[in-house]
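Each remark here refers to the structure printed beneath this line.
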Amino acid sequence: MSDKYYRSAYMNVDLNAVASNFKVFSTLHPNKTVMAVVKANAYGLGSVKVARHLMENGATFFAVATLDEAIELRMHGITAKILVLGVLPAKDIDKAIQHRVALTVPSKQWLKEAIKNISGEQEKKLWLHIKLDTGMGRLGIKDTKTYQEVIEIIQQYEQLVFEGVFTHFACADEPGDMTTEQYQRFKDMVNEAIKPEYIHCQNSAGSLLMDCQFCNAIRPGISLYGYYPSEYVQQKVKVHLKPSVQLIANVVQTKTLQAGESVSYGATYTATDPTTIALLPIGYADGYLRIMQGSFVNVNGHQCEVIGRVCMDQTIVKVPDQVKAGDSVILIDNHRESPQSVEVVAEKQHTINYEVLCNLSRRLPRIYHDGDQRFVTNELLK
C-alpha cells in the first residue's frame, strides 16, 4: 500500500489509543487470551496496521469474518493465531490449512463436507472452533448431542484439532436476562464434552460487563477502537476507553451564495441572505452519508451546518466569512464529548457506531499516529 495520497480528505487513526484499549481488556481479564477482533478492516481503521500494532503490544490471537481477511493479514506478516468467525465454503478448506488459519464449525454437515475437501497433499493441522447457538439464532449447533457428535468426528482425524468452542451473545449490550441465560446454556453444553484449549463467549459488551470465569478467552471488537457497544454499557462500566478515529476534510473552495441562490442536488437549500459556503472534497462514497445534511461540523472551532444534499464526492458547509481554502474541518472527532463524536454521527444517521466506522470507505487515506511517528496507508495506490 502506498504512503502517498492526493486528496484533501482522510482519517486519523490513533494507534496508541487502540493499544491502550487493548490493555484495558488485558487488565480486566488478566488470565484470559484477548482475541482481538479485526474483521471488517478492523472496523474501518485498517486491519493490517491495527493488527501489527496490537502484536507489538502483546496480542497473540486475532479474529476475522472471512478467510480473505485472514489471508490479507498473513500476506502482511501477521504471524499470530487467526480465527475465521464466519463460514468458509468447504471447497476452500485447503487454503485455510495452507495459511494456518483456524476455522469455525457451524454444523455437523459443514464438518463432513470440509473433511471431504481436504486434499491428500495437505499435511498441516487444521484448527477448529465449534460454534454453539445458545440464543443468537444464527450460526451454530443448538443441541448437546450434535455437539458431542461433532467432537467425535474431529477426533477421528489426526489432522484436525479441536482447538476451541464459542458462542455469541445477542443482547449483551442491553439490560435483561437473556445474556445470563445464554451463558448458562453455553456452560451446560460445554460441560457435557471434553474441553478444548479455548472457551470464549464474551464480545465487547460481555467483556466489559461480565466476568465469565468459565471462559479463558474474550473477543472484544468495537471497544478495542475506543467505542462502547451501547449507551447502556457506557453508563454501567467505569472503564475509560479512548476513541481512535477522526475524519478530516480540508476546504477546497469558498464562495458566496446570494439571496435566492441554491446549492447542490435538488436545490434543497436556498440562501435568504448572502451566505459564505465551503466545499469539502468528501461525500457519501467515503461513508459521509446523504442523511448528514443539517448536521454540524467543526471548522476552526466553529460549529457549521452542512447545507444542501451531501453528494457522492462533495459536501457543502455554511461557514463564517473568514474561512478559506485549506482550512481543516472535523467531520468525526475522537473526543467523546465532541458534537462530532461517532455516537452523535450515528444518532444523526439513525444507526449505531459500528456502522458509522465500517462505512468509512477504502478510498479514504488512513493516517496512523503512534506517538511522534506518522504512517500513511492509501489502499487505492497499492
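Placement of Cβ uses the backbone N, Cα and C atoms for every residue, glycine included.
Copied over from Swiss-Prot, here are the features:
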| type | residues | note |
| --- | --- | --- |
| ACT_SITE | Lys39 | active site, proton acceptor |
| ACT_SITE | Tyr265 | active site, proton acceptor |
| BINDING | Arg138, Met312 | substrate binding site |
| MOD_RES | Lys39 | N6-(pyridoxal phosphate)lysine |
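Known features from Swiss-Prot, placed on the structure.
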{"residue": "Lys39", "record": "active site, proton acceptor", "Cβ contacts under 8 Å, 6 or more apart": "Ser47, Ala63, Val64, Ala65, Thr66, Glu69, Leu85, Gly221"}
{"residue": "Arg138", "record": "substrate binding site", "Cβ contacts under 8 Å, 6 or more apart": "His168"}
{"residue": "Tyr265", "record": "active site, proton acceptor", "Cβ contacts under 8 Å, 6 or more apart": "Gly308, Arg309, Cys311"}
{"residue": "Met312", "record": "substrate binding site", "Cβ contacts under 8 Å, 6 or more apart": "Gly283, Tyr284, Ala285"}
Assigned conformation of Met312 (substrate binding site) - DSSP reduced to three states: coil
Coarse DSSP state, helix versus strand versus coil, of Arg138 (substrate binding site): coil
